[in-house]
Amino acid sequence: MFKVKFYIRHAVLLLCGSLIVGCSAIPSSGPSAKKIVSLGQQSEVQIPEVELIDVNHTVAQLLYKAQINQSFTQFGDGYASAGTLNIGDVLDIMIWEAPPAVLFGGGLSSMGSGSAHQTKLPEQLVTARGTVSVPFVGDISVVGKTPGQVQEIIKGRLKKMANQPQVMVRLVQNNAANVSVIRAGNSVRMPLTAAGERVLDAVAAVGGSTANVQDTNVQLTRGNVVRTVALEDLVANPRQNILLRRGDVVTMITNPYTFTSMGAVGRTQEIGFSARGLSLSEAIGRMGGLQDRRSDARGVFVFRYTPLVELPAERQDKWIAQGYGSEAEIPTVYRVNMADAHSLFSMQRFPVKNKDVLYVSNAPLAEVQKFLSFVFSPVTSGANSINNLTN
């Protein structure tokens with residue numbers, strides 16, 4: 001019996017010695033906090049591989065404000081279309097002349113209408129010079145004028161030639177003051193009228209969203225400025241439903257947002273969230289929180305590709321000096337120390353983005369426990385077997 005215990009003791013010592021040398025081979029759910037932090041500590045001579053940023057109130061507020069700026073209210077409410085004419089518009093012109101008709105007694109499309117003689121001119125396209133042509137009047141400049149103003153001009157010029165002329169000008173095809181509305185499977189050009197069309201009118205013009213409302217974003221492009229708002233926010237907040245302007249492009253984007261949770265969080269999973277967005281505190285709640293026995297509260301990380309222009313100014317200079325352009329996306333790791341109570345406030349302002357990876361590192365004590373379990377499980381099992389044989 002003494003020999004058996006002696007052999008077991010020596011087996012334990014030999015196994016411990018061999019496993020301590022190769023303890024890095026212990027299975028783990030991911031890198032430790034120390035290894036992740038070392039990613040941002042590259043030599044100054046080399047191009048840095050990762051931008052490591054500690055999340056504090058200032059960093060969280062900057063990211064929060066950048067998200068808030070994705071608002072249609074930044075464009076201003078604008079104004080309704082004045083209904084003025086422009087190049088490419090098509091006009092319908094009708095002329096009435098009291099009998100006896102002097103100018104429009106025949107020829108063009110004409111008919112009697114009571115005691116007046118009615119003449120319908122062929123549809124007139126506003127030329128590149130901004131004019132339309134009317135018989136006996138000649139070319140008339142119409143760009144920037146309303147149909148009512150144009151008909152008064154024609155009527156005034158015909159008075160000296162026709163018998164009590166009356167004129168009606170109608171816009172039949174608005175090719176200039178319109179908005180492009182783009183959606184998968186259905187895109188239209190929506191004309192703007194004096195009624196004042198808004199963003200939700202454009203959404204309705206293409207039949208709304210083909211997906212769930214919470215998975216749909218609405219993007220508005222005006223000139224060189226692009227803003228994106230969740231359809232949920234657009235419906236819930238009337239201030240976002242601004243008036244559209246000539247040349248605007250409204251695009252409906254259907255793309256379910258997700259982030260991936262990894263590390264000491266129970267199991268790796270992809271978690272969906274609304275296009276309205278998600279804060280880091282909400283994301284950790286959806287992950288089920290941190291595991292008390294495994295996770296390192298000081299090692300909560302968010303991995304994402306961040307546009308260079310969204311980094312703090314002093315950090316942008318470092319990357320620009322290494323040859324990165326303004327359009328580059330920088331691999332960035334945001335570190336959160338949840339052991340600090342202040343971080344709980346920062347996390348409520350820190351926005352999670354589509355395709356983010358949230359990683360929780362293992363606590364050092366959890367690694368020790370895993371190591372001890374890995375070492376002593378086979379020895380204990382072997383000892384039990386030997387004891388059974390001895391008995």
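Cβ atoms here come from the backbone N, Cα and C positions, even for glycine.
The membrane topology recorded in Swiss-Prot splits V102 and S274 across the two sides.
Taking Swiss-Prot as the reference, the stretch among 179-188, 279-288, 349-358 described by the feature transmembrane segment is residues 179-188. Matching 102-111, 162-171, 312-321, 372-381 against Swiss-Prot, the residues noted as transmembrane segment span 162-171.
Residues 58-67 are the range that Swiss-Prot records as transmembrane segment, among 58-67, 228-237, 298-307. In this model, the topological domain 'Periplasmic' (128-135) carries an average pLDDT of 92.
Among residues of the same chain six or more beyond the transmembrane segment (162-171), those with a C-beta under 8 A of the stretch's C-beta atoms are 83, 85, 89-104, 116, 136, 147-148, 150-152, 154-155. Residues of the same chain lying 6 or more positions beyond the ends of the transmembrane segment (136-145) and with a Cβ under 8 Å from any Cβ of it are 84-87, 91, 103, 126, 129-130, 153-154, 157-158, 161-162.
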